[in-house]
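Worksheet for the structure shown next.
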Amino acid sequence: MEHIITPKVEYVKLLNRYPEKKSVLGTLYLTATHLIYVEQTNNTRKETWVLHHHIMSVEKLPLTASGCPLLIRCKTFQLLHLLFQRERDCQDVYQSLLRLFQPVKEEELYAFLYNPHQNEEDRRQGWEFINVANDFSRMGLSNDYWEISHLNKNYEICSTYPSILGLPKNVSVATVTGSAKFRSRGRLPVLSYFHKDTKAAICRCSQPLSGLTSRCVEDEQMLQAISQANSNCPFIYVVDTRPKLNAMANRAAGKGYENEDNYSNIRFQFQGIENIHVMRNSLQKLLEVCSMKSPSMSDYLTGLENSGWLRHIKSVMDAGVFLAKAVCEERASVLVHCSDGWDRTAQVCSLSCILLDPYYRTIKGLMVLIEKEWISFGHKFSHRCGHLDTDPKEVSPVFTQFLECVWQLSEQFPCVFEFNERYLIEIHNQVYACQYGNFIGNCQKERLEMRLHEKTFSLWPHLLKNQHLYRNPLYRRSLECTVLRPSTLPLHFKFWCGMYNYYDRGMHPKQSVLDQLLSLTQKQVEGERTMTELQRVRGVVGVVDFVRVERYLTDMTLSPSHPFTAAGCCRWKRASQTLRFQITLLELNPPSSKSRGIHFLPNGISITLS
Amino acid sequence: MELSEHIKTANVEDVTLRRPFHPALRGTLCVTSHHLLFSDRKDEASWQLLILLKNIDAIEKSIENLFGYPRAVGSSGTITIKCKDLLVLQLEIPGMEECLNIASSIEALSSLESMTEMYPFFYRPSHLTLHGPWGLSSTEQYYKQTERLWDRWRVSKVNSDYSVCPSYPSAVIVPREVDDDKLIRSARFRQGGRFPVLSYCHHRNGMVIMRSSQPLTGANKKRCKEDELLLQAVIDGSELGYIIDLRSAQQAQQARMTGGGFESKSCYSHWKRIHRHHERGKVVQESLTKLVEVCSDPSHSVDRWLSKLENSKWLSHVHSALSTAGLVVECVERDGHSVLVHGSEGTDNTLLVSSLAQLVLDPASRTVTGFLCLLEREWIQAGHPFQQRCAHSAYSHARLKQECPIFLLLLDCVWQVWRQFPLALEFSEALLLRLAQEVYASNYGTFLCNSEQERCAAGVKENTHCLFQSLLKPDIEEQYLNPLYEPTDLAIWPSVHPQSLQLWTGMFLRWTEYAQNMEEAREEVWSIVKEHRERAGPDRTNNTLSTHCDTLTPFENLMDELTIL
C-alpha cells in the first residue's frame, strides 16, 4: 500500500477509441491489487477493473488542451487511455502504477495475498489435483520400454527439469548424467509423450554442446536407447525447431545440433521457428495493427502480413504436425529440441500431444498438458511473462502462441475440443494475473523454494469449478479417438480477434452462438452426466471431498435416508446429480443456512431440504 | 443449329473421374444438350455426377501422345473442368478424338447465348407444374401488404409497356403527389430512364430509401424541374434528405463529361449529397478471379497469402458495401432522414447497398420468405442484368464483357451479417450457397434475362419454373433454416472493422476438407436444438428458446462502429 501516492482521483476521462463517442467523467481508484475506473451516469454505474499485474506498460503522453493523457497497455491486450485534468494527479498515478505493476520481489505478487476462501486442506488437495505422474500412468508407464525415474529428485542432474523423468528402460545412470553434461543446461533427452498404439515416443531436450567437433558417447547411447525403446521403427527423428542459420550460429559458441554421422539411425530435421526476440517484436507489430484507428481493409491486411505473426503461428503448427505425423504414420519416435528446450520445444511437444491424444483436448486434459509440458518442464513463466521487474528481453509470447495454435485448431475442428475459446482466454489471463501460484517462478525447483504450495492456491480447481462456462457444446465424444490432421495451408490461419481485440467488444459478433448453445444444453448436461464425466467431477472432490460432504449434510440435520445421500454410487445418473448438489452445497460460503426448506444455490439450482 | 449437332461423341466408356475428397471413379461419360453425366454402373439410372453444362466456366484439355496418330492405341486426354460454383474436377478420357470431341461439345454447349435454348425451358420435373404462381410477389402486392405506404405513396403503371424505363418493372412505387407525366420527364433526365422510385419505407419512422440512376446533367449542368419536384415530394416538408452517391466526388464530376452527373446543391437544396467510392464492373470481376486463384493455390506462404488476399481487394469491396449500407441505415434509423441511393446506371452497387440496408433495418427481410422477396424486388424486378453479369465466373478465359459478381458480393455481405448476428436471420449459410450456385447455372428461370421486359418477351414466366417458389415449398429443406433463429425488431448493425470481416470460407473453401468439418458442426447444432425442442415438449410449439436478445445492443451503442457523415 505504501506505493500508492494517491488512492483516488476524480474527474478522469476514459477515452474511447472512437472519437465520436462521448466520454464521460469518472473516478479512478488505486488499490493494492487493482486499478478501478468507475463511470457513474444517471442510473448506470460502469466499473472497469484492471489487475496491476496485467499492466504491461504505462506511458505519459504529451499534454493536450483537454488534459493530461496516460496510456496503459495491458498484457491481456486491453488499452486504457485516461485523461486527467490536473498534471499532478496524472504524475501521481503514473508513479504509483510504475511501482505497482512491476513488483521487485516475488512475495509482492497477488497470489501471495489472495485467498479464495479455502482452508489448508482445500489448498493441499487443489495442488494435488493435477498430477503429472498420473499422466505417465495414463500413457502406460512404466512398461517394457519406458520407466519413471527419480534420478533428478533433488534437481541435481538438471535444475530446470521436474523431479520425476520418463527415461528409456534400463538406461544406465552414467548414460543419463553423461548425456545431461553434453546438453545445454543439463536438459537431457527425456520422455514427453508415449503413444501407446504405435509405441513411438516424443522426447525433448536442449541443444547438444557439440560445437564444431565435440561428441559424447553417453548422449549417443541415450539416443540409441530412445530408438531401441520403439521396435516399430528403425530410426528416430531428431527435430531442431530452430531455423538452420540460428543453429549453425550456435555451433560457433560450442553448442549446436546433432551430427548425423555420430548418431546411429537418426534423421535430422530443422523446423524454422524463430526465437523469442523475433516473436516479441512480431506481437508488438500485431498489436499496433490491432489498435489502428479506423484502418482500411488494405491497411489491416498489409499490417497483419508485415507483423509476420501468422507466419510464426504456422511455423509452430507445422512443426507440431510434423511430429504427430512421424508418430502416428511412420511410427517413429521423435526427439525435439531448440536452444534451451523450454520455449519452442514446449510449444511443439504440447501441440503434437493435442494432435495425437484426444485426452488433451478435454478441459482437464489441457490442464494436465500445461502442467506437464510447460510448468514442470521449466518454461520460464516468470521471465517470459515479465511478472517482476526483470530483463525485458526475456519477455516473449511463447505460451500465448501455443494457446493460439490450439485456437486455430478449434477453428478447423469445431467438434473435437471439450472447451471453448473462453477457456483459452481465461487461462491466458490467469497466466499473467499471478492470482494463483501455478505460473509463478521459472521451474519446479524455484517454485519449491518459494513454497508456493503453502503460500498460494492452484488455479486448476477454480477453472474446474467454472467449467460450465468453458464447455464447447459442439464437442462430440465420438470424434474423440481421432488423430487430428489439420490443414496447414496459410488460408486456415486466421487473426484471433477474440484474443487480441478482446476488449474491443464492438468488433465481435453481436450475438453468440456459444452462449445460445450453452444455455440450450445446460439442463441436459446437469441431467445426464456420464460416468467419465462423473469421475471428472470427483476430481473436484479432491477439493470438496466426499466424506466431508456427507458430514456436512449431516450437520445440516438431514436425515440419512434423504435421497441426496442415500443414492450412493450404485446408480450413476442419480449419483451424479447427488454429487453435483453436494458440491454446490459446499460452495456456499459461509454455510448459508441450516434450516429446512428451499435453498437457492449459485448457478440457479434450487434444492428442497425436507 | 440444333443443340444436338454440337455433340459429336455422346458416350465414352472407361472414363476416370477425379474430384476433391472422393476416390477416383471409372465409368461412362455422357454429354447431352444441357448436362454432363457420369456413371460408374451399367444401369444409367444412378448418376454419380450430373453437371449442368452452363455451370462450366472453363475447361482445360491436355492430350497425351500428341505426336502419335489420331487413333493411336493408348492415347488419352485429360479434361479439367472448372465450374462456376468453384468445383474443379478432372476427366481422363481414353482416345484422343473422343477427348477432343467431348471438350468441344462442352465448350460450345456451355456458352449458349440463345435464351430459349437454356435448360430452364426444358426442365420439367414431375413434382412441379408450370401453371403455379411464378415469383413471390409483385409491386402491387407489396404495396397492398405495406400499409404504411398507403398515405403518401402510390403505385404507378407509367412503365406498363416498359417504354419509360426498359429495365424497371411495369409497376413502381412513387410519391402520391407526383403524376405520371412528371415521372416520364424525370425518367428522361436519368440514365436508362431509371427515375427515383421507392425501395424501402422504414417501419419505425416512415423514412424511405429511394433508388435511381445518375441524373443526366451533363457538362452544361442541365436541370429537370420534374426530377427536382419528385425528390422534393419524397421528403415532403421535412428539412433534409441524403443522396448517397456511390462514386467518389471526382468520378461524379467526370461523369458530367459523358452526359451524366450528380444532383447539385443549388438545384436540390433539401438534399445533402455524400460520396462513397465503390468499385464496379471489371474491377470487381477481377477481384473474384484473383481471390479464387489464391484460395486454390496451396503453394503460398502465409505472407504471400495475406498479400494476395489484400491484392484481390475482395474483402475491401465487402467492407465498402457494408460501410455504405451502414451509412444509409444511420441516416434512416438514427437520424430519421430519407435517402436516395445511386451510382451510375443504378443497377448494381445501388441495389447492393439498398438491399443490404434493408436487411439491417427490416426484420421482415430476415426470414426466408422475406429475404427471397427482397431479392426478387430489389434484384430481379429492379432490373439487375443477371444474364450479363453472371455469364462467366472466376475461372473463365473468355474475354469478359459485362460480367461482374455483384450478386455474389451481396451474398458475401449477407454472410458477414449472419456471422455477426448468428441468431437474427431465419435462413442459413446453405441458402446463400444455393443462391450463389443458382445465379450462375440453374434449372429454374428465376435468374434468366436482364430485366422484366426481357423475361416477358422470352416467356420465362410461362415456360420455366420459379426457384423461389420451389425453395419455399411447405417442406422447405431443413438445411436452409437457421436452427438458432430468434426474430428481433432491432436493426442488426454489423461492425465494419476489418477485424470483424472474414473470408467467406463456406463459399471460397467450399470444396475442401474444411467444409466437411463445418458441416459436422452444423449437424451438431441442429441435433442440440432438436433435442432441446423435444425436451421442451409439445406444449411449447413455437419453441421460444431462452432468449439472448439482450446481447443485442440497441443501435445507439453501436454507433462507435461507423464513421459519421
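Cβ atoms are placed via backbone N, Cα and C, with glycine included.
If you look up TrEMBL, you'll see A:Cys338 marked as active site, phosphocysteine intermediate. According to DSSP, A:Cys338 (active site, phosphocysteine intermediate) sits in a coil region rather than a helix or strand.
All protein chains shown were included, and the count of other CB atoms within 10 Å of the CB of A:Asp340 (substrate binding site) stands at 19. Annotation source TrEMBL lists substrate binding site at A:Asn275, A:Ile276, A:Cys338, A:Ser339, A:Asp340, A:Gly341, A:Trp342, A:Asp343, A:Arg344.
The domain 'Myotubularin phosphatase' feature in TrEMBL is assigned to A:126-500.
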**Request:** Could you name the residues, excluding A:Asn275, A:Ile276, A:Cys338, A:Ser339, A:Asp340, A:Gly341, A:Trp342, A:Asp343, A:Arg344, of the same chain that surround the substrate site, i.e. Cβ within 8 Å of the Cβ centre of those residues, in sequence order?
**Result:** A:Ser206, A:Thr241, A:Arg242, A:Thr345, A:Val398
**Complete:** Going by C-beta under 8 A and a gap of 6 or more residues, the same-chain neighbours of A:Arg344 (substrate binding site) are A:Thr241, A:Arg242, A:Ile273, A:Val316, A:Ala319, A:Cys338, A:Val398
**Asked** For A:Asn275 (substrate binding site), what is the secondary structure by DSSP, using just helix, strand and coil?
**Response** coil
**Confidence summary for the domain 'Myotubularin phosphatase' (A:126-500), mean pLDDT rounded** = 94
**Request:** Enter the number of other CB atoms within 10 angstroms of the CB of A:Asn275 (substrate binding site).
**Result:** 16
**Complete:** Expressed in angstrom and rounded to a whole number, the substrate site built from A:Asn275, A:Ile276, A:Cys338, A:Ser339, A:Asp340, A:Gly341, A:Trp342, A:Asp343, A:Arg344 spans a maximum Cα-Cα distance of 12
**Complete:** Long-range Cβ list for A:Trp342 (substrate binding site), cut-off under 8 Å, min separation 6+ in sequence, same chain only, gives A:Thr160, A:Arg187, A:Ser206, A:Phe377, A:Gly378, A:His379, A:Lys380
